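Undergrad: Okay, handing you the structure first.
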Amino acid sequence: MANPDADVPTIPSRPNAGTSVGKIVDIEHAVVADDPRQWSPARKNAILVTVSGAAIIVGLGANLYNPAIEQVESQLHASSGDISWSISLFILIQGCFPLVWSAISEIYGRKVVYIASFGFGIVGCVVAATAKSIGVLIGMRCVQAAGSSSVLAMGAATLADIYDPHIRGTMMGVFYSAPLLGPALGPIIGGALTQAFNWRATFWFIVIFTGLCFVAFIFFKETNSSGRSSISHETVVSAETKITKEDKLETSPSAGITHDSGALISEVFAKDLEGQTTLGSGDSTGVVTKELKEIRLSFRDVNPIGPVFLVLSRPNNVAILFASGLLFAFSYCLAYTCSRTLSIKYGYDALQIGLVLLAFGMGSMLGSILGGRWSDRVFTRLKAKNGGVSRPEMRLESTFVSMLFLPLSSLGFGWVAEKHVHVAAICVFLFFAGFFSIAMYASTLAYIVDANAGRSSPAVAANSSFRGISAFVATEVAVPLQLAIGDGGLYSLWAGLMIIAELLLLLVWWKGASWREEAERKEAQRASES
């Protein structure tokens, strides 16, 4: 019979930490007031729909603009280099700026950041829509990218706040399918708006969509108010209240849980009705008399570097992030270069290109949803097989099937495009390339969250940065490589890079648990010595 506490991982306590009775509970599973994990399914579904709907803007922001490039170039007297910068800088900032939003959200909560960032994005789109020069347009595209980027990291962190690991893969798959509507529908909507009105209409469309998301987040219920999902929040509160190690190690004899400050995993700081900090589990709690209502956290507590540095200090995270970056860069490069191929070799207009790319978008969406479900199914089966004890690395076994077909899909697309085969063949390979690449990515995203308990937001923000930087590089080199070696050579190269990404995933599956546990032990030791 499976252990009912199997989803509550244990972390080794530091040496000589005092009496250690029972198990030590990690920060993610601390007992908190108004636990988001205990909210009703209806409330959780409403949150999932809200953040997934907001995530659509990530893909739309990048893809609505592409069909309008020719008009922008003509009306604003822009060069091809200017246009390239307007695309690549958007990708780079959208990937890297979540580091800032995630650090702020760890202190102030998710809701404040959602509202502030989407307000930021609205301003950028309004000014871009009225721009009279390419310089202003590029600058406002950067502002738009920064504003829309928050949901990339925050959405996954929000789902980590409300869902336990055994269902998290499915929900991550649903969430990540939303941004994939951008590559699928963006070229169609953008092409229609550009032909019916002009390029400025694409930005006004985003203003309206972002405004609706902004209003929705006004009614959003905070999921991280307790700070349970955030080691960063716990660290700040610990410093502000000056709680001693003796206070943190204090526990009721009947509680059966040691509150170990060295491991940063005690049942962390739930607020009771009087504003006191409570520790404990079940019916037994220890109360620290310092009142949280005296604490005033400020921007000096916001540190985007520290939490991300801790994420990158773990070898398993570095390996999985490189694999994730390669997978995203492949998807972005495929949509970008396919548009050029369809325009130059097949003579398609913006609307026809959008309809062909719909195959890639549909494959990506199905890969995200079904890949997430398959990830949870494999995770649950392996957990039961292991006596009810789970490890985040178990989830990566769900990628094995996709590993066989993704390089083949890349090769197939490249050579049918190179030989100018009927467009139906291109649609087939686009579908499979999207399906298998995103099915793998859905599992890697869930792993990144599972393997970084208490750091889900900075971990996903780091993932966004790797994605953004990888896509930025891929965008800059894609066209020169396409011109030099053709689609066949380019996607043979990508097939090799996908094999490298798969080898990194296999390495994490094999060695990730030992790397992660060693890193946790060292972090606990450093904390106990401070």
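Yeah, the Cβs are placed from backbone N, Cα and C, and that goes for glycine too.
Computed from a predicted structure; not experimentally measured.
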Undergrad: In TrEMBL, one of 152-174, 175-197 is tagged transmembrane segment. Which stretch would that be?
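TA: When 152-174, 175-197 are checked in TrEMBL, transmembrane segment belongs to 175-197.
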Undergrad: Could you please provide the mean pLDDT value for the domain 'Major facilitator superfamily (MFS) profile' (47-513)?
TA: 82
Undergrad: Residues of the same chain, at least six outside the transmembrane segment (318-338), with any C-beta under 8 angstroms of its C-beta?
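TA: Apart from its flanks, the transmembrane segment (318-338) reaches 63, 91, 183, 312, 356-357, 360, 364, 410, 413, 417, 426, 430, 433-434, 437-438, 440-441, 444-445, 447-448, 451, 462-463, 466-467, 469-471, 473-475, 478-479, 482, 487, 490-491, 494, 497-498, 500-502, 504-505, 507-508, 512.
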Undergrad: Against which stretches of its own chain does the transmembrane segment (203-220) lie, if we need a Cβ under 8 Å and a gap of at least six residues from its ends?
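TA: Residues 47, 50, 53-54, 56-57, 60-61, 64, 110-111, 114-115, 118-119, 121-122, 125-126, 128-129, 144, 147-148, 189, 193.
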Undergrad: Establish whether the number of Cβ pairs under 8 Å between the transmembrane segment (423-448) and the transmembrane segment (85-105) reaches at least three, counting only pairs separated by 6 or more residues.
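TA: Counting Cβ pairs under 8 Å, fewer than 3, so no.
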Undergrad: Can you name the far-off residues of the same chain, 6+ from the ends of the transmembrane segment (85-105), with a Cβ under 8 Å from a Cβ of it?
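TA: Same-chain residues near the transmembrane segment (85-105) but 6 or more away: 58, 61-62, 65-66, 72, 78, 112-113, 117, 134, 137-138, 141-142, 144-146, 148-150, 152-154, 157, 224, 232, 302-304, 307-308, 332, 457-458, 460-462, 464-469, 471-472, 475-476.
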